[in-house]
Amino acid sequence: MKPVSSVFLLFLFSIFYCKSENIEKENTDNNPYEFHIGGVLSSNASEDYFKLTIEHLNFNTPFMKPGNTFYAHSIKMDPNPIKTALNVCKQLIVRRVYAVIVSHPQIGDLSPAAVSYTSGFYHIPVIGISSRDSAFSDKNIHVSFLRTVPPYSHQAEVWVELLKYFNYLKVIFIHSSDTDGRAFVGRFQTTSQNQGDDIEKKVQVEAVIEFEPGLSFFDNQLNEMKNAQARVYLMYASKIDAAVVFRDAAKRNMTEAGYVWIVTEQALDASNVPEGTIGLKLVNASNELAHIYDSIYILASAITDMNRTKTITPPPADCDNSGAIWDTGKTLFEYIKKQVYKDGHTGKVAFDNNGDRIYAEYDIVNVKEVANKDAIGKYYFNNDLNKMKLRLNESNIIWPGRLKKKPEGFMIPTHLKVLTIEEKPFVYVRPLKKDDGNSCNSDEIMCPLYNTSSKVLDPIVYCCKGYCIDLLVELSETINFTYSLSLSPDGQFGNYEIRNNSASGKKEWNGLIGEIVYERADMILAPLTINPERAEFIEFSKPFKYQGITILEKKPSRSSTLVSFLQPFSHTLWVLVMGSVHVVALVLYLLDRFSPFARFKLINADGTEEDALNLSSATWFAWGVLLNSGIGEGTPRSFSARVLGMVWAGFAMIIVASYTANLAAFLVLERPKTKLSGINDARLRSTMENLTCATVKGSAVDMYFRRQVELSNMYRTMEANNYETAEDAIRDVKNDKLMAFIWDSSRLEFEAAQDCQLVTAGELFGRSGYGVGLQKGSPWSESVTLSILDFHESGFMESLDDKWIFQGRVEQCEDQEKTPNTLGLKNMAGVFILVAVGIVVGMVLIVIEIGYKKHHVRKQNRLQLARNYGQTWRAIVQKRKMMRMQGRTSGVGALSLSVEALPRSVLNIQSPIRSIETLPRTCRNSPSPTRAWSGRQMVHRKSDDIPLRSPIGGPPQLHFHNNLM
């Protein structure tokens, strides 16, 4: 299906094309075959040549459509423009002319305009062959006017090429205030600024001197020109006005050696044009016949092209019919503008959008004597390059003062106004004190501040020193100039922005750049970054210091908390270690208690027996092994418990060694790293991160961020935080108010060398350099650049780096980095607090123990007192019972068994009788009958080592229990 559809569509298209072609052919077939051309010429010879050329045209096949015929109708131009307009109506328009070729009258200059007005009313194209006034380029007035000669203002393009050839980049423009003069200066400025292929050779107009035509003297303007720096004068003036200017300039010797005059064709015809002047002459400007020839053939080619494709209607035939507007005339005008005649008698003929001739050729003329004007070059169309080309024979040029050598074109000032700005370490600024005796130190230069925004006219005097000041002194001695140094009026480097007081909303430069752009200063010697925005308006030397952009931040100090000594282990590991202590203690206690070998009693050397391992002793043992505090008592006794103790000791050794090593790494060896990795750090580019960064408003760094599309989000975030000066930003970084300051690497490296707590983050980006700023076309540019290159080669710039930027402090910070950190109280405060807590807890516990012990003693005393009373009562009862029994048994008198009744020899006991509680456990627990008392036991007392007491107030007594009773 697809091939069939394609064939069908192709068939339909062929039918449609053939029909449209037939329709077009039918329309063009109805076009007229006869075309009348009118001419308003200056002489009879021109009329004859006009008619002859059209006759020959009818036999020139490339320009003619077969069957077409051209007819010539001409009239002689009248100096009276009204008569000329009437003649055009009565003798040309009535003959239905398709176009009119008009020359220039021999007397007067308004007749071509009259022809243009009359024909243009009906949109009949008019081709001028000698009218060069700029007014004819205005299509609002001359709606259908074209010309084969360029307007005078087109000479500006040749001037620009001449200035570039001679390398004259600063000029003074002199022109009359008429239409042609203003058009000339406007085209010159546009052309000079649109040299896109060579930015370094843009011509700067230092001053524009405008005068009224018909002047009688030019003294005031010449005085202004003489005070300017430029010595190249471009002048557009009539022949009469130029003579006045040359006369007054000669009186002031401004036409002698050192000056350059480049003038237009009219000024070149002045009678007193000075020797050495360079001017222009349009090739074939006065050859009216050649222009008639080119105009006829251009017109014939346009009519032939239109006749092939467009429907042509007859032109108007009556000037009285004011309502008839010829649409074909508009179409013919556009066709004429598109024509390009390469082999014309006047060169390559073409037109711009205004109908003005382009590709016109000029001779470059040098005035060697008043009557001798020699051509020294030509401005012509190069077919190989397909553009206009300037060719000069410079060796044949005679300059003012009859010099053969090209003048410099400017007056070289020997005293320069130099500007700088405070920026450590490049420029240190301090106020001049009264104690200094109104003079700075030997290594300083006085640098007043002229505050333009203040009403106070007296400047504030400062003293300046630093990297740039030393460089300025060396430059002045090397290339021999004097200077006066001052500070930036507004304290800024320069920003291109809309001023508040600018009603037109035009952008202007402020700061250092503005002072140079508006020629209020000659040189900037400061850490001024070279960038495209600034280089478009001022001139830079070669960089005296190469640098880039980096980020300054404060070193992140690792926070030392009260528990920093716990950092070597994680919280989980500490919990496991603490738990392991008590688990191992519990297992040791169980192993030692249930082991059968732990039941054997060991008698110590002092005759006492060793106690068994209880839970408290096991816990003490586990902590003692872990903390390596030594174990005095309470060690495991069974083999299984001792094996576990050995394993626990190995575990403790590994834990303690690991803790010690990791603690050293945490508190001594670890160095804090920078928080940012560089400009590509995601935290800088993310608007969600709470990270503040900033730069200086209107600085080169600020321009860099505005220029980088990929940093647009970051710039919008940091724009609100930008500072007025770098000093404020660096201070806030030190005070932790700003996290990152983005600025020139030279300054930030200096700050990092001064304060080891500051550090630059990441690699350099936006690499550029610091250069000396000068005015466009400054005569000092080359000398300053060559001197700076010599300084680099000789090592002078390196000495400035060592003296002002590094100052030997980089090694101090590096040594400090290599030295281990010294532990301070803030690092180990937690350990001391732990000891203090232990002391406090111990004191609290001892108070509790003492209180508890006193309470326990009082309780035991009360219990003992009750026992004593009980024993006394019991002894009395026992005594009575025994007495009764004895009395019953023996029948003898009662036997007193009281202690008082016993003989004192019985009571003479050599050693105190110990209670059963004070006896060794082996005695108390032994079942051996040899250790028992015969049928009697001593009273069991629960208090430890409390001696037997007698009843209150009585002697000690022995009390017995008779278990057999």
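The backbone N, Cα and C atoms fix where each Cβ goes, glycine too.
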Matching range for TrEMBL feature annotation, region 'Disordered', among 420-440, 546-566, 945-965: 945-965
Rounded inter-Cα distance in Å - CYS756 (disulfide bond), ARG706 (site 'Interaction with the cone snail toxin Con-ikot-ikot'): 32
Lowest local Cβ density (other Cβ within 10 Å) among recorded positions: LEU676, CYS756: CYS756
Average model confidence [pLDDT] within the domain 'Ionotropic glutamate receptor C-terminal' (453-807): 81
Rounded Cα separation (Å) that holds between ARG706 (site 'Interaction with the cone snail toxin Con-ikot-ikot') and LEU676 (site 'Crucial to convey clamshell closure to channel opening'): 22
